[in-house]
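Record features, source Swiss-Prot:
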- HIS111, HIS115, ASP307: Fe cation binding site (BINDING)
- LEU134, VAL135, SER136, GLY137, GLY138, ASP167, GLY180, ASN279: substrate binding site (BINDING)
Amino acid sequence: MLVLGIESSCDETGLALYDTQRGLLAHALHSQIAMHREYGGVVPELASRDHIRRALPLLEEVMAQSGTRRDDIDAIAFTQGPGLAGALLVGASIANALALAWNKPTVGIHHLEGHLLSPLLVDQPPPFPFVALLVSGGHTQLMRVTDVGVYETLGETLDDAAGEAFDKTAKLIGLGYPGGPEVSKLAETGTPGAVVLPRPMLHSGDLDFSFSGLKTAVLTQMKKFEAAKLEGEALERAKADLARGFVDAAVDVLVAKSLAALKKTKLKRLVVAGGVGANRQLRAALSAAAAKRGFDVHYPDLALCTDNGAMIALAGALRLGRWPEQANADYAFTVKPRWDLASLAR
C-alpha cells in the first residue's frame, strides 16, 4: 500500500510518500520559522496562507523524488487534528481535493499518533508494546502503547508543555525565535550546577508533569540579574548558566518520569517523539539511563522529530492496513483542533 501523507497542523508544511513494502520513499518539508520570527511566534492566519502556497510544490517534489505517478497512490492521509483550525483545514481540503480528482480514499490522522509512531520509520523499529514520551511545543505525555490505536495515558502536563516552557524561557532570557533550540544551544555553554532550579513534581508519586513553576523560577533569576545590574560579559555568562540550569531541571524531570513509567508498566522499551525529542541533553540523559538500567530507548531520525508528512503517511498506512473501513471515499471531512489522543484507543 502506497500512502501520500499531508501535515499542516501548525507552522510546517510536510508531504511524504510511504509504502508498506518499501518504506519511506520521499518526504519534503517547508518550515515557516523565518516568516514568523519577526512576530516572536506563530501567526495562525499567515500559517494557513503559507500552507496553501507550499503544499502543491512539495507534492510535485515528492512525486518526482520517488518517481511516483498518481495512479500508484492507494490512499491519502492528512492531519485531522489537533492543531490550528485554519492550518488543519488547508491540509484537509487539499487532501480531499486530490482524493476526489484522483479517485482515492482518505484517512484523517491524529497529529500526536503520527509523532508517537514516527520512530517506526527507522531501519530497526521498536516492537510493541512500549512506553512513549511525547514531548513537543504543545504536548507532554507519557503513553503506554500496546499496538497501533491501543493507547493508555499514563501521565501528562497539568499546565505548560515542555516545549512551551523551553520557548518561554528563551523569551525571558532574550533569545530569538524559535526559542527551544536557542535555549538548548546556549545551555551547552553554561556551567553545570551554577544555577539550580526546582524540579517540579519530581517526587509527586504520579506520572504527571508541571513546567509553569520552572518558567517562573527563570523569571525570578532574571530579575535577580537585573537587580545585581549585571551587564556585558557577566550578564551573558549568567544567562548561559541559567539556560543550563533550566535545561538540566527539565531533562531531570522528563527522565525521572519516563523511568517511573517503565517501572510501573514493567516494560523495557521507551520511545521518544516530538520536537523536544531532538534535544541533545535529553537524548544523552535517556541513553545513559538506558545503559545503566537495562532498557532500550528509541528515537526518530532528527529530521523527523519536527512536524512532517512522513509520520502522517506512516500512520495512515498502518491504520488502513488494520482497519480498511476507516477509508473515507465520500470526501466529507472535519478537523479537530482539540483532540485527545487517548480517545483513539480501541
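Each Cβ is built from the backbone N, Cα and C atoms, and glycine gets one as well.
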Those binding-site residues, out of HIS111, HIS115, ASP307, that come within 10 angstroms of LEU134 (substrate binding site) at the Cα: HIS115
Largest tally of Cβ atoms lying within 10 Å of a Cβ, found at which of the binding-site residues HIS111, HIS115: HIS115
Other C-beta atoms that fall within 10 angstroms of the C-beta of GLY180 (substrate binding site): 24
For the binding-site residues GLY137, GLY138, the one whose C-beta sees the most other C-beta atoms within 10 angstroms: GLY137
Shortest C-alpha distance to HIS115 (Fe cation binding site) - which of the binding-site residues VAL135, GLY137, ASP167, ASN279: VAL135
For ASP307 (Fe cation binding site): intrachain residues, at least 6 apart, with Cβ closer than 8 Å: GLU7, SER9, CYS10, ASP11, GLU12, GLY14, HIS111, GLY275
Other residues, Cβ within 8 Å of HIS111, HIS115, ASP307 Cβ centroid (Fe cation site): GLU7, SER9, THR79, LEU112, GLY114, SER136, GLY274, ASN308, MET311, ILE312
DSSP three-state assignment (helix, strand or coil) for GLY180 (substrate binding site): helix
Per-residue Cβ crowding (10 Å cut-off), top of binding-site residues LEU134, VAL135: VAL135
Other CB atoms within 10 A, centred on ASN279 (substrate binding site): 26
